[in-house]
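S.K.: Pasting a structure here, questions to come.
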Amino acid sequence: MNVENFGASERLVNAAYVRQGAQGRCAHELRLRVLLEQGKCPEDGWDESTIELFLHELAIMDSNNFLGNCGVGEREGRVASGMVARRHYRLIHGIGRSGDISAVQPKAAGSSLLNKLTNSVVLDIIKLAGVRTVTNCFVVPMATGMSLTLCFLTLRHKRPKAKYIIWPRIDQKSCFKSMITAGFEPVVIENVLEGDELRTDVKAVEAKIQDLGAENVLCVHSTTSCFAPRVPDRLEELSVICSNYDIPHIVNNAYGIQSSKCMHLIQQGARVGRIDAFIQSLDKNFMVPVGGAIIAGFSDSFIQDISKMYPGRASASPSLDVLITLLSLGESGYRQLLKERKEMFSYLSGQLRKLAEVYNERLLNTPHNPISLAMSLENLDKHSDMAVTQLGSMLFTRQVSGARVVPLGSLQTVNNYTFKGFMSHTNNYPCAYLNAASAIGMKKQDVDLFLKRLDKCMKTFRKEKSNGKDVPEMDNCTKHTSVGETED
């Protein structure tokens, strides 16, 4: 209520009580004003009542919620179900206009404000996470793969002769398909084995650029967050190469915001060379539903070009989800989540190492991977030809999600490209292994329960071997070599 309404209330309720209520309202409005003035994530998280008040204030600024609105167009924010309207806080118009996903809608001042604030708050969080010189970003209602495609399509207009994308191999389908969908030919650069780690073959990247001709290369498509034993690409070296040959550089940073090491690599790459854009998922980094990503970069004009490439308006749901989440957490809450993730990585690493030793396996030495770990299954693989895939099935039926069991020699065809040793990021990795990751939001009880169930599965193999049998019981389940394989 405004001042006049509070004054009128004093005729009905004791003036002292009304003034006290007005002061309470002012406390909420002060938070809103600071957010609007600064455009940054609040230091401390907001309570739900403040967030709901804010969303209500935004919603009543949209034309579909005007009391006297008379809509005669084809898109007037009409919603048949009240449940759907409540689910979206009556912010129905979405974001952007037909020519630019970041543009302001005349009929939807509230939704447009939501969009601008979300992008500003997310930019603040990216800087907090370690990429301090980032200049612009926007939330796009597509997952990481399609967001990468949008970046490649934008580059097409800047490099019309180019038809190749140089891609240090990472065995994950959506990032590979993002290049195919955009109409380009991926040039796969195999990784090199250094100890247990699979690392970027920088010399092979430069040699391929020279072989193809720099003008024929659309960009280098590198990766930070990945499954061990692959580790983040050598972004500094790749960025220098891209700068020297005047080739764009797009980084797949899918779940890298939660890792200070991944963010440091991006910051350093931009400092010493060239990074045009880096893309990250909302669900993996901020614990919101799947369906959104952040496209960020160091050139305002290029990020704006990408936003203008998006055809039509877009759903506001991903922007709404991440804004609510960050206002709830505040900077302090998000910092705490990042701190806990690092602690869980150390805990998971130590406990998985102990378990591996019990079964004469080992935790692979991958110090450059800050999120994912891998435990060898070399001796289990010797147990029988099917033992490794059996382990995947057993974990799956025991409700272990997110782990990946990687056998030797798997073949996978993706869009007519055949990968040997698929999921291991190389043609011939020395051993089969199991992946586990410490991602944001993981708790100690998650680690303990995973290790308990993994231990139980491994004991089954040991017991079956001692009884002279080749393989354990299947628990009447379907074979699963990957448990909860990530698709973005």
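Yeah, the Cβs are placed from backbone N, Cα and C, and that goes for glycine too.
I grabbed these lines from TrEMBL:
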| type | residues | note |
| --- | --- | --- |
| BINDING | ARG75 | pyridoxal 5'-phosphate binding site |
| BINDING | ARG97, SER98, GLN105, ARG313 | substrate binding site |
| BINDING | ARG271, ARG398, LYS463 | tRNA binding site |
| COMPBIAS | 465-478 | compositional bias 'Basic and acidic residues' |
| COMPBIAS | 479-488 | compositional bias 'Polar residues' |
| MOD_RES | LYS284 | N6-(pyridoxal phosphate)lysine |
| REGION | 465-488 | region 'Disordered' |
S.K.: For ARG271 (tRNA binding site) and LYS284 (N6-(pyridoxal phosphate)lysine), determine the Cα separation and express it in whole Å.
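M.R.: That separation, Cα to Cα, works out to 26 Å.
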S.K.: Cβ neighbours within 10 Å, counted over all protein chains: which one of the binding-site residues SER98, GLN105 has the most?
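M.R.: Highest number of other Cβ atoms within 10 Å: GLN105.
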S.K.: ARG97, ARG313: which of these binding-site residues has the highest Cβ count within 10 Å of its own Cβ?
M.R.: ARG313
S.K.: Counting only residues 6+ away in sequence within the same chain, which have a CB under 8 Å from the CB of ARG75 (pyridoxal 5'-phosphate binding site)?
M.R.: HIS93
S.K.: Determine the most Cβ-crowded residue among the recorded positions ARG271, LYS284, ARG398, using a 10 Å radius around each Cβ and all protein chains in the structure.
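M.R.: For the recorded positions ARG271, LYS284, ARG398, the Cβ with the most other Cβ atoms within 10 Å is LYS284.
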S.K.: Of the recorded positions ARG97, SER98, LYS284, which one sits closest to ARG398 (tRNA binding site) when you measure Cα to Cα?
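M.R.: If we rank ARG97, SER98, LYS284 by Cα distance to ARG398 (tRNA binding site), first place goes to LYS284.
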S.K.: How far is it from GLN105 (substrate binding site) to LYS284 (N6-(pyridoxal phosphate)lysine), counting Cα to Cα, in Å?
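M.R.: Just about 29 Å between their Cα atoms.
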S.K.: How long is the line from the C-alpha of ARG97 (substrate binding site) to the C-alpha of LYS284 (N6-(pyridoxal phosphate)lysine), rounded to the nearest angstrom?
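M.R.: Cα-Cα, rounded: 28 Å.
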S.K.: Which value in Å gives the longest Cα to Cα span across the substrate site residues ARG97, SER98, GLN105, ARG313 as recorded?
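M.R.: Across ARG97, SER98, GLN105, ARG313, the two farthest Cα atoms sit 10 Å apart.
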S.K.: To test your reading of the substrate site: which residues beyond ARG97, SER98, GLN105, ARG313, same chain only, put their Cβ within 8 Å of the Cβ centroid of those residues?
M.R.: GLY94, ILE95, GLY96, GLY99, ASP100, ALA103, GLY312
S.K.: Write down the Cα-Cα distance for the residue listed as 'N6-(pyridoxal phosphate)lysine' and ARG313 (substrate binding site), rounded and given in Å.
M.R.: 24
